[in-house]
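A.B. asks: Before anything else, here's the structure in question.
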Amino acid sequence: MKGRTGGLTAKMNNQNQNRRQQENDQLVRKADQNKISLAEIFMANSQQLGGLEDGKVTKMYFHKFLFMEQVCFAFNLMGLGISVIQYDLEFDEVSDDDNMKDISLWLLWLVFVSSCILVFLTVYRYQAHIEWMKSRKSMAPGDQIWHTDDWLPMLIELAVYCIIPLPFTKGIRVNFYNSIQGMEAYYHVNEILALIMICRVIYLYRTLLTLTFWYNNRTQRVCNLYACESNYMFVAKSLLRTMPYTALFIALISLICIFGYAVRICEKPLSRNDSTSNNLGLYENALWNIIITVTTVGYGDFYTRTDLGRFVIFIVCVLGIFVVSVMVVTLIESLKVTSLEGHAITVLERVALREKLKHEAALVIILTAKAALGYKNGTLTRKQHHQLIVRLKQTLINFKMTHRQHKTKQDENSLNEEITNQFSLLKNDFKQLIERQQVLISTNNLIYQKLGFENNKSIVNI
């Protein structure tokens, strides 16, 4: 009997295991058929999976977007770096070294391949951003990239990534006449494309802003709470408020280095004709030109001579005025005295004026006593007596002025001190009222208890 019962139990356990396995297989097949993502399965079955919160799903999508942002940053930076190296190799086209020419061509292909990969990654990055917004309920579940305002920035970004030095345009020249040198010069097409490629730096700084504390899920929630938009401008404002000198220093150094390289590309073709005078093809000279332009000094020892170079310098002037103005405003704001510092300075000034008032009062008493004793004893001549009286009058004037200054300082803080004292008095009054109310409440409770006891007693007697 026991053996038969044990066999039935084992058979039932096997049937239960088979049923669970079939249910799991059906769930997996259903997910494969409908192409449901892992995050959607978590959200649909959050109760069975231990109550997964929406905040965790949002955080997961945010980290996915952040990862794609960093990958795009890496490919963007790699393309810019290879382009800088390739520019110097292609500029010296008269070299007979075939190895250097092959290296230049291979670098162009690397820039081309990395830019193609970057284009696909950028599209996926915008898609990850949309998924993050959907998880935050900021967008409808069925919205696509063309339903949002991100499609135009995405197209502009893709267009910027597509403008690169190409292996197909290697060695092609664009001739122009330079009136200052009085002769013809030429650009390589890839040099002009490398100049335009510098615009990619904007998206490098966008990634750096994304990696700061001021761009995350918490920031989005707080900004929504206070009805403000959490975008990259908000991040820049937050950095200028929390660490203004660091942010402005980075902006200034970046402006000098990036536009110095741009001026070098624009002006270096003139060095093919004459490399002895005003040679901005040297990077150090281009940096010095940007520095004296940004600071509005303009010595004139180096200046641009091409139309492209003058256009770049015009942009530098506009950005330089902006950066320097913000630095001046930041410096003025940092030198402003806060309310607490102003209160401390006023108190210290009053202490100093009080000491000065004591000194002036003591000097008035001493001079008055000397004048009185000298007049009484007749030890002072008429001239000495006159000089003493004049000194006494001047001391009295100084005493009055010091007393007036001390009183003015007292009047400045009298309002604040009066408000503070009034708040202290009100606090004490409220405290006394609360204590009285507590006494009244306890007294009323005792009266109610007694009345209730007497009523019960009277009811019992009745």
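Keep in mind that glycine also has a Cβ here, set from the backbone N, Cα and C atoms.
Annotations for this protein, taken from TrEMBL, read as follows:
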{"type": "REGION", "residues": "1-26", "note": "region 'Disordered'"}
{"type": "TRANSMEM", "residues": "65-85", "note": "transmembrane segment"}
{"type": "TRANSMEM", "residues": "105-126", "note": "transmembrane segment"}
{"type": "TRANSMEM", "residues": "192-215", "note": "transmembrane segment"}
{"type": "TRANSMEM", "residues": "243-262", "note": "transmembrane segment"}
{"type": "DOMAIN", "residues": "254-333", "note": "domain 'Potassium channel'"}
{"type": "TRANSMEM", "residues": "282-299", "note": "transmembrane segment"}
{"type": "TRANSMEM", "residues": "311-332", "note": "transmembrane segment"}
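What's the neighbourhood like for each of these?
C.D. replies: Only residues 6 or more beyond the boundaries of the transmembrane segment (65-85), in the same chain, are considered here, and those with a CB under 8 A from a CB of the stretch are 107, 110-111, 114-115, 117-118, 121-122, 124-125, 128-129, 131-132, 161, 164-165, 194, 197-198, 200-201, 203-204, 207, 210-211, 261.
Mean pLDDT of the predicted structure over the domain 'Potassium channel' (254-333): 89.
Beyond the transmembrane segment (282-299), the same-chain residues lying 6 or more positions past its ends with a Cβ under 8 Å from any Cβ of the stretch are 252, 255-257, 259-261, 263-264, 267, 313, 316-317, 319-321, 323-324.
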A.B. asks: Quick one: DSSP breakdown of the domain 'Potassium channel' (254-333) into helix, strand and coil?
C.D. replies: 58 helix, 0 strand, 22 coil
A.B. asks: With Cβ-Cβ distances below 8 Å as the criterion, list the same-chain residues six or more beyond the ends of the transmembrane segment (192-215) that contact it, or say none.
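C.D. replies: Beyond its ends, the transmembrane segment (192-215) has Cβ neighbours at 66, 69-70, 72-73, 76-77, 79-80, 83-84, 86-87, 157, 160-161, 163-166, 169, 174, 230, 232, 234-236, 238-239, 254, 258, 261-262, 265-266, 308.
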